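Quick look at what Swiss-Prot annotates:
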BINDING   HIS63, HIS65, HIS211, ASP299  Zn(2+) binding site
BINDING   GLU92, HIS184, GLU214, ASP299  substrate binding site
Amino acid sequence: MADIIIKNGYVLTMDPEVDDIPNGVVVIEGGKIVEVAETTSATANTVIDAQGGVVMPGFVNTHTHAGMTLFRGYADDLPLAQWLQEHIWPAEAELTASDVLAGTRLACLEMIKSGTIAFADMYFFMEEVGKAVEECGLRAALSYGMIELWDDEKGTNELKKGREFVKEWNGKAEGRISVMYGPHAPNTCSKEFLSKVKEQAIADNVKIHIHVLETEAELNQMKEQYGMCSVNMLDTIDFFGPGVLAAHCIWLSDGDMDILADNNVNIAHNPVSNMKLASGVAPVMKLLDKGANVCLGTDGCASNNNLDMFDEMKTAALLQKVDTMDPTALPAKQVLEMATVNGAKALDINSGVLRKDYNADVIIIDMNKAHLSPLFDVPSQLVYSATGNDVRTTIVNGVVLMDERKVLCMNEQQVINDAKQAASDLVSRVDAKN
């Protein structure tokens with residue numbers, strides 16, 4: 001007997017080898033998908049009627065800072081330097097482990113409710129992030145954010161912390177948690193330190209998560225410091241490869257794009273954050289045309305201000321259309337692939353499509369709503385009309401985390417209350433020092 005059968009829904013497989021099934025079934029057993037078909041003879045302990053819904057792979061958020069939910073709306077509409085120096089950095093200096101735990105629990109709740117099944121996170125107090133992921137049932141690729149600032153002693157300590165986190169948490173939560181090394185960025189970490197990180201990642205057989213060319217200021221700093229941009233500098237130390245997840249990648253030359261594509265680097269595009277901070281527009285269409293694996297991330301709530309991948313998909317599609325002045329750029333199905341297939345590839349998880357033997361990481365979206373009617377084209381409707389609030393059910397590793405909008409793995413109101421209190425206390429501590 002199977003664990004779960006999902007029936008009567010429009011099955012959007014995201015599988016290039018299998019057509020969508022307008023009225024199909026998905027059968028789940030032992031945390032895996034065992035059948036995707038029009039009908040089934042299987043029986044199950046749980047039967048979910050997806051009538052009026054779309055059954056599809058859950059989303060993969062490939063770049064965020066989950067604990068920063070506590071900073072949602074804290075300092076908006078400010079120049080980047082002022083935003084960081086006068087608000088975010090002083091607040092982060094007061095963060096405690098319990099703050100990050102409360103903020104991450106809130107982030108996990110928000111992601112479950114909006115259909116995200118896995119996320120890549122870089123922040124501090126990462127053990128607390130691991131605890132939150134372990135509790136809630138999501139998948140995550142976690143990295144301790146290492147900032148060395150050309151200080152050898154600091155770099156040694158940062159790499160030690162990163163290694164300890166890798167050893168303690170990689171593979172935890174029944175394999176739902178993987179750990180990556182997280183050197184923050186080329187403009188906060190020296191070339192020598194980044195080279196050491198690459199060597200350590202190879203030795204430990206783990207991936208790397210890094211910010212690359214998020215701002216024009218980084219581009220200018222790298223040219224002044226090294227006589228070349230971040231991508232070229234990283235290429236000189238053989239930093240790149242399929243085990244690298246590079247966030248942002250905005251200020252790229254054509255040569256930079258070739259380097260990233262040729263080295264199979266995974267690129268996390270964060271359009272909402274990039275627009276909000278006026279960082280620039282990533283050349284997504286050029287990167288995709290060169291064969292790069294471009295996926296989607298939300299960045300942290302301080303610069304987004306939510307973790308809704310529907311929001312990210314629509315923004316990504318619209319931004320590329322206006323940037324290229326081509327309404328056919330980044331069509332709905334392609335941006336859906338970025339949010340599912342490409343993201344799963346970047347995090348090396350066997351998810352992102354509805355296919356036999358793949359992880360049972362499945363969401364159901366309620367399409368029987370005014371803003372989703374009439375329904376002519378499912379991918380188009382999901383990208384341009386749907387929101388995270390339309391997700392009805394979220395399943396990860398064959399476990400139902402949310403059913404009919406009710407979260408089963410967390411006390412929703414308690415999580416919200418705890419995060420509100422943590423944010424209030426944090427701001428009070430910051431204000432007391434000013």
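Note: Cβ is positioned from N, Cα and C throughout, glycine not excepted.
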Other CB atoms within 10 A, centred on HIS211 (Zn(2+) binding site): 26
Non-site residues, in chain order, whose CB comes within 8 A of the mean position of the CB atoms of HIS63, HIS65, HIS211, ASP299 at Zn(2+): THR64, MET122, ALA247, HIS248, ALA268, ASN270, SER273, GLY297, GLY300
Fewest Cβ neighbours within 10 Å, where candidates are the binding-site residues HIS63, HIS184: HIS184
Alpha-carbon distance [ASP299 (Zn(2+) binding site); GLU92 (substrate binding site)] in Å: 16
Those binding-site residues, out of HIS63, HIS65, HIS211, ASP299, that come within 10 angstroms of HIS184 (substrate binding site) at the Cα: HIS211
For the binding-site residues GLU92, GLU214, the one whose C-beta sees the most other C-beta atoms within 10 angstroms: GLU214
Conformational class of HIS63 (Zn(2+) binding site) under the three-state DSSP mapping: strand
Fewest Cβ neighbours within 10 Å, where candidates are the binding-site residues HIS65, ASP299: HIS65
C-alpha spacing of GLU214 (substrate binding site) relative to HIS63 (Zn(2+) binding site), in angstrom: 13
Conformational class of GLU92 (substrate binding site) under the three-state DSSP mapping: helix
Assigned element (helix, strand, coil) containing HIS211 (Zn(2+) binding site), judged by DSSP: strand
Between GLU214 (substrate binding site) and HIS65 (Zn(2+) binding site): CA-CA distance (Å): 15
Structural state of HIS184 (substrate binding site), classified by DSSP into three states: coil
Integer Cα-Cα distance in angstrom, GLU214 (substrate binding site) to ASP299 (Zn(2+) binding site): 11
